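Participant: Have a look at this one.
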Amino acid sequence: MAALPLATAEVCDANAHMIMNGELRALQPVFQIYGRRQVFAGPIVTLKVYEDNVLVRDFLEEKGQGRVLVVDGGGSLRCAILGGNPVQQAQNNGWAGIIVNGCIRDVDEINGCDIGIRALNSHPMKANKKGIGEKHVPVTIAGTRICDGEWLYADTDGILISRTELTV
């Protein structure tokens, strides 16, 4: 199920009509790049949490099947909702990438993993463990509404969200 990585700039140049009608959206450039896989793509799974990482860990324990977990952490810069152990598990379980609208920690460990990670920043403090959040709900991050089942394409130029899988 792993999607073919596409160059985001080329996708934008070739699909102006999809941008105009909202089928293809670019996230605002607010994310830092982490992990060894700088280019990644896949179908999206959404999660909404706030300063709590129990549901993040639960998702990453599942088989990823080339999917991308998009976590709306409310943009919190007060603690990390993703760390090295869950990222290593995500890599081993076949996740293509993780987008975090919040912070991560264990950056050196994460940068050694063959997975694509985007986050607002890093923070040494860990998150709460209450298990509060919502799975498979529409989220709005970096100026863009993102729904479960849409497709994400990321490279060093940015992150695109498409209603459908794109082909070259």
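Note: Cβ is positioned from N, Cα and C throughout, glycine not excepted.
Sharing the record's features from TrEMBL:
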type: BINDING; residues: Gly83, Gly84, Asn85, Pro86, Arg105; note: substrate binding site
type: BINDING; residues: Asp106; note: Mg(2+) binding site
Participant: Among the binding-site residues Gly83, Gly84, Pro86, which residue has the fewest other Cβ atoms within 10 Å of its own Cβ?
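Facilitator: Result for the binding-site residues Gly83, Gly84, Pro86: minimum number of other Cβ atoms within 10 Å at Gly84.
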Participant: Enumerate same-chain residues with a sequence separation of six or more from Asp106 (Mg(2+) binding site) and a Cβ-Cβ distance below 8 A; give 'none' if the list is empty.
Facilitator: Ala80, Gly83, Gly84, Asn85, Val87
Participant: State the count of C-beta atoms found within 10 angstroms of the C-beta of Arg105 (substrate binding site), not counting that atom itself.
Facilitator: 19
Participant: List the residues in the vicinity of the substrate site, defined as same-chain residues other than Gly83, Gly84, Asn85, Pro86, Arg105 with C-beta within 8 angstroms of the site's C-beta centre.
Facilitator: Ala80, Leu82, Val87, Gln88, Ile104, Asp106, Glu109, Ile110
